[in-house]
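Engineer: Below, the features straight out of TrEMBL:
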- A:20-438: domain 'DUF112' (DOMAIN)
- A:7-29: transmembrane segment (TRANSMEM)
- A:35-55: transmembrane segment (TRANSMEM)
- A:109-132: transmembrane segment (TRANSMEM)
- A:138-160: transmembrane segment (TRANSMEM)
- A:167-184: transmembrane segment (TRANSMEM)
- A:204-223: transmembrane segment (TRANSMEM)
- A:329-348: transmembrane segment (TRANSMEM)
- A:354-378: transmembrane segment (TRANSMEM)
- A:390-407: transmembrane segment (TRANSMEM)
- A:413-443: transmembrane segment (TRANSMEM)
- A:464-486: transmembrane segment (TRANSMEM)
Amino acid sequence: MELFSNLALGFSVALSFHGLLYCFVGVMLGTFIGVLPGVGPLVTISVLLPITYNLEPSSALIMLAGIYYGAQYGGSTTAILVNLPGESSSVVTCLDGHQMARRGRAGPALAIAAIGSFIAGTVSNVVVAAFAPALSAWALNFGSPEYFSIMVLGLVTAAVLSHGSMIKAISMIVLGLILGLSGTDVNSGTYRFTFGLPELTDGIDFVVVAMGMFGLAEIIANIQRPEAREIFSSKVSNLLPSRADMKASAWPIARGTALGSILGILPGTGTTISSFMSYALEKKFSRHPERFGHGAIEGVAGPESANNAAAQTAFIPTLTLGIPHNGTMALMLGALTMFGIAPGPQVMTSHPDLFWGLVASMWIGNLMLLVLNLPMLGLWVKMLAVPYRLLYPAIVILSCVGVYTLSNSSLSVVLLAVFGLVGLVFVKLDFAPAPLLLGFILGPMMEENLRRSMVMSRGDPSIFVTRPMSVAMLLIAAILLASMLIPMIRHKKEEAVASDA
Amino acid sequence: MRKLCAAVFAISMAACLPAAAQADYPTKPIRLVLPYPAGGSTDGIARLVADGMSRRLGQQMVIDNRPGAAGNIASDLVAKAAPDGYTLLLGFNTALTVTPGLSPNLTFNVQKDFVPITELADGQYILVVNPELPVKNVAELVAYAKENPGKISFSSGGLGSSHHLSAELFMAMTGTKLTHLSYKGGGPAATAVLGNEAQMVFGSVATTVPHIQAGKMRAIATTGLQRFPALPDVPTLDESGLKGFDVGTWYGLLAPAGTPQPIIDRLQQAASAAVNEDSAKSGLALMGLRPIGGSGKDFNDLIVRETATWARIIKEAGIKLQ
C-alpha cells in the first residue's frame, strides 16, 4: 500500500526530533496566539515567517501549520471563557459556548470543543492522506482556463456564504480586486498603479494589507470597546462532560466533521463558513432548536469540529493546486516559495517528505493540543489579565517589525498604517474585511489566468465553456449567483408590494 | 541633477579617503545587497559567498535583502552608495544586462555606476519539452515548429526573463514562430510544461532536472557552450546547429563606481578564493552552478557583451516595456 509507505515516511519526518520540536513550538505558539483576542494565526505567521527561513522547509511548514491549527484551538478557549473570539472562526463558538460558561459549564464546553476538534482533525487527516494524491494527479490537468473558472467560483461562493449585507460583501470583493491591480502586468511588463514607487512594481504585499486591515484595525477598534472584556473564569470546574453531553454531541461532531472536511477542500470557502453552516445545520436537526443560544452543547461541538476539519482539509488545495484557501494559507504558500518550492501539484511528488511530514505532524499536533490544552486552561485565563495598554503596543510594534522584514522596505510600514486606518473605517461602517482580502488574493491570479487562457485560445473566449471542468465550475458559480440574487429581488418586490398596500 | 550630486559626492568621498584607511580595509562589517528575498536560491549563493569572504577579510559580511522591481531596487541602492567598499551588490544577469535594454528610464547606469569586481558563478538553462511533443532533438523541434507554426507554446517566468529571451533568441536563429505564455516566475512556467499547457521552456536546472529524471520532461538541449555535467547525453544548442547560441545565468559582485582600486583587488581575491573552495563548489553544484571568480575586467567584458546582445534581440523581437 502506497498510502502506508507514504504515511510511514510522513511519521518518520514528523516523529524526528525536529519534527516534534517544531510541531510542539507551532501548536504552543498557535494556542497562545489564538487566546490573544484579535490576534490570529495570520499575524503570528507573518511575524514569524522570517524566522522560519533558517529552518528546513519541512520543519518550517510543520511549525507554521501548527500555529495555524493551534490558533483554532486557542480561539475557542477565549470564545468560551470571555465571549471574545480569538479569531473569526470562533465567533460561532461564542454563541453557545459562552452561555455554557455563564451557567458554570465552562469545563464541559472547553472539553467538548477539544474532543470534537481532535476527532474532526483525525478524520479529516485521513481524508487528506487518502484523497490528496488523487486530487493532485487530477490537478495537473488543471490549466489556466480551469484556474480562472475555479477562482470565479471562489469569489461567488465567498459572496454567497458570507453573512451580513450582500452589497457590502460584493463591494469589498471589488475593492480587493482593484487593489490587486497594482504592480507589473504579467503579459506586457507594464507597471500599473505604482505611482512611480519602485517598491510597488511587484504589487502590494498581501501581508501588509492583511495585517493592516485585520490586525491594526482590530486593535484600534478593540480599544473603543471596553465592554467586551469581562472575564468569566471563576467557575471553571468539573472539566469533563457528562455521559449525556457526550451522547448529545456525537452526531453534531460527526456532521460537523463531514461538513468541514468538504468545505475545507473547496477554495474560497473556509473554516468560518463551515462553522456557521454547521451551527445552522445543528439548529435545524435539533428537536429543541430553542435551546440554541442558551448553552446547547451541540452548538459548540458541531461548529468546533467543522472548523477544525476544514482547517486540515484546506491543505489539500493549498498543497496540490497552489490555491490559497485563506490568508493564512496564502502566507504558508508564500513561505513555500521562499524556500524555492513552487506551490502546485508537483509538491507532493517532488517533496514527499514535506507533504507527508506535514500530514503526519497535523495528527500529532492535534493529539498534542488535546493533551496540553486542558491542563493549561488556568494559565490561559491568567494571560488575559495582561492590561491592554501593555498588550496592544507590543502587538503593534511586532506588526511593524514583521512587515518591514518582508522586503526591508519602510514603505511597507507606511502602507501598514494606511491599511490599518482604512480597516478601522470599514470596521466602523460594518464592512467585513475578509471578502476584500479574498478579492485581493484571487484578483491578480484570476487576471493572469484569464489573459493566459486568451493567449492560448488566440482570443476566443469559448475556451472557458468548451473545457468540461471549466464549464462545470462556471455553471456552479452561475447557479450560486442566481440563488443569491433571486431571493434578494423577490424580497425587494415583496417589500415594494407591502409598502404599496 | 541628482546624479550629478551623487557623482560629486562620490568623487569627494573617494578623494577624502586617506591611503592608510585603504590599507586597513575592511575595518567594519561589509553590506552585501541582494536583489532577492531571503530564502531563494540567490540567497543561498550570497550566504555561501559572504561566509567565505568574511573568513578571508576578517570582517562580517552582512546580507541585506532588497527584492523588488526585477532587481532595480537593489541596483539603485548600491549605485548611489558611498564608494568605500562597505556596500556591495550581488548582481545577476538579467538585472544588469537585460533591464538596461528593456527599460530606458532607469535611475542608474549599469556600465557607469558600477565597478565589476568578479563573476562569482555561472550556470545554464535547459531546453525541455513535454514528452507528448513528438520531437527528440533540436532539428526535429525546429521542423515540427515550422510545419505547425504557432502551435508550440513556450512558457516563461515573465516578460524579459531569461526564459523569455532565450526563446526569442531561439526563434530568431531558427526562423520559427512560437507562442509566448507568461507566468509569474520560473516554477509555474515549469509546471505549465508538466501539464502540457506550454510545450517547451528554457528552464533552470532546479526546475527541470528532477522532472527530466522522472520522465515528465524531455531534455532537448542545454544553452551553454559546454554540456551540462549532470546531463552528459544532452547536446548544447551550439553543437545542435545553432552556432554561437550561448545563454546562461550568472551572478557577480559589483561595487559603486569610484571605489578605490586596492579595495576592489582585495575583494576580488577574497571572493575568488571563497567560491573556489571545496565546500562552496559542492554548494554551488547543488544549484547547478559552476564557480568562476575571474578578473574584474573579464566580468566587465561579459556585462558589455551581453548587454549589446540582449539590446539587439530585444530590438529585433520588438519587446517593449513602458
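Quick reminder: no glycine exception, Cβ is built from N, Cα and C everywhere.
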Engineer: Rank A:7-29, A:167-184, A:354-378 by Cβ pairs under 8 Å to the transmembrane segment (A:413-443) and hand me the top one.
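Structural biologist: The stretch with the most contacts is A:167-184.
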Engineer: Take the domain 'DUF112' (A:20-438) and average the pLDDT across it for me.
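Structural biologist: Here the predicted model's pLDDT, averaged over the domain 'DUF112' (A:20-438), is 74.
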Engineer: Which residues of the same chain, at least 6 past either end of the transmembrane segment (A:7-29), have a Cβ under 8 Å from a Cβ in it?
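Structural biologist: Here the qualifying positions are 44, 48, 55-56, 58-60, 62-67, 69-70, 73, 129, 352-361, 364-365, 368-369, 372.
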Engineer: Using Cβ atoms and a strict cutoff of less than 8 Å, what residues sit near the transmembrane segment (A:354-378) while being 6 or more residues removed from its termini?
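Structural biologist: Tertiary neighbours of the transmembrane segment (A:354-378) are 6-7, 9-11, 13-15, 19-20, 23-24, 26-28, 31, 57-58, 61-62, 65-66, 69-70, 73, 77, 110-111, 114-115, 117-118, 121-122, 125, 128-129, 132, 236, 239, 308, 312, 315, 319, 341, 347-348.
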